[in-house]
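**Q** I'd like to ask you about the structure that follows.
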Amino acid sequence: MLVDHVKFYVSDVEAAEKRFVDSYGLSVYATSSLSDPKPRVRSRGIGGGRIRLVFTEPLADDHPGAAYLDRHGDGVADIALLVADASASFNEAVRRGARPVTPPTERDGVTTATIAGFGDVTHTFVQRARGVDERALPSLAPVSAAAPSGRSPGLTEIDHFAVCLEAGDLDPTVRFYEEVLDFEMIFTEHIVVGSQAMHSKVVQSASGAVTLTLIEPDLSRTPGQIDEFLKNHGGAGVQHIAFTADDIVEAVESIGSRGVEFLDTPPTYYDLLAERLEVARHSVDDLRRLSVLVDEDHDGQLFQIFARSTHPRRTFFLELIERLGARTFGSGNIKALYEAVELQRSGQGAR
């Protein structure tokens with residue numbers, strides 16, 4: 001099982017295309033068919049490496065995307081999963097308790113079937129016949145991708161999704177992924193930052209290629225950014241997507257030169273870094289200059305940074321991550337990233 005693509009519902013597909021192409025060095029590889037005289041949507045497939053994002057703007061009021069946008073604004077609507085047999089995966093998931101959304105359908109050598117996930121986010125199983133383009137989808141027509149301008153950020157794939165859940169839904173959601181999709185819980189953490197706190201559990205597919213960081217607020221503490229997301233988004237949803245970078249220093253420099261702002265890290269973080277670990281790659285000066293965080297688990301190190309949210313509701317943003325063997329998430333980084341978002345909420349934390 002792999003992440004096949006991520007579908008967003010957006011109110012302006014051209015604006016979404018421009019943001020991801022201009023800011024993150026991705027390319028348009030497909031567009032919705034122009035043969036329909038009365039199209040219900042406009043879509044773009046945008047990607048690079050193993051990253052594939054499908055942005056869909058609904059044109060009809062009765063399209064499901066219209067209701068999604070009314071409730072949530074622009075956001076992730078479907079995390080599609082590449083499997084060997086979409087029909088079998090769908091039937092087995094439903095047998096194990098998943099709610100069916102769309103039964104298996106084959107078109108042009110691509111079979112898809114959809115189940116409900118969390119909130120209004122679904123999972124579409126995708127299977128392609130031998131010889132079919134690995135990016136092909138029934139609703140999209142391929143186009144020749146223009147070469148990205150400027151220095152490539154070196155983004156290669158989706159590392160993980162961060163999902164905000166209503167309080168009390170964390171454990172049932174973990175059980176859903178374990179029992180329905182054979183995911184395994186690989187990390188758990190209770191993060192306390194001042195008067196705020198959150199519970200987090202990470203689930204991962206058996207292949208190791210699909211990772212969800214599931215988060216719920218701790219209602220015994222002061223409301224914070226998770227509560228704010230749930231309020232502004234209108235329920236559970238994807239808070240951010242992390243893109244893997246070959247070299248996070250080069251990626252931040254490249255993307256920053258394109259106008260993307262990243263969240264700041266307090267200088268004291270780097271003053272104390274030598275007491276926590278010995279950095280295996282990159283200089284501490286570069287990490288400090290760019291506000292990149294570093295942490296480690298039993299398997300290695302990881303480097304992370306959050307981009308500033310430009311979403312009107314501040315309910316979605318992107319993360320860059322580079323792994324040097326690390327499989328999970330260091331506790332120090334989780335707290336530091338939470339604090340960085342809190343600084344942004346207070347208007348102090350972006351550069």
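Note: Cβ is positioned from N, Cα and C throughout, glycine not excepted.
Just so you know, TrEMBL annotations are computer predictions that nobody has curated.
For reference, TrEMBL lists these features for the protein:
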{"type": "BINDING", "residues": "HIS160, HIS240, GLU319", "note": "Fe cation binding site"}
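Would you situate these features in the structure and describe their surroundings?
**A** Following the DSSP three-state reduction, the secondary structure of GLU319 (Fe cation binding site) is strand. The Cβ neighbour count for GLU319 (Fe cation binding site), using a 10 Å radius over every protein chain in view, is 22.
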**Q** In which DSSP state, out of helix, strand and coil, do we find HIS160 (Fe cation binding site)?
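**A** Once the DSSP labels are grouped into three classes, HIS160 (Fe cation binding site) ends up as strand.
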**Q** When DSSP states are folded down to helix, strand and coil, where does HIS240 (Fe cation binding site) land?
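**A** In the DSSP reduction, HIS240 (Fe cation binding site) maps to strand.
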**Q** For HIS160 (Fe cation binding site), just count the other CB atoms lying within 10 A of its CB, please.
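**A** So the Cβ neighbour count for HIS160 (Fe cation binding site) comes to 21.
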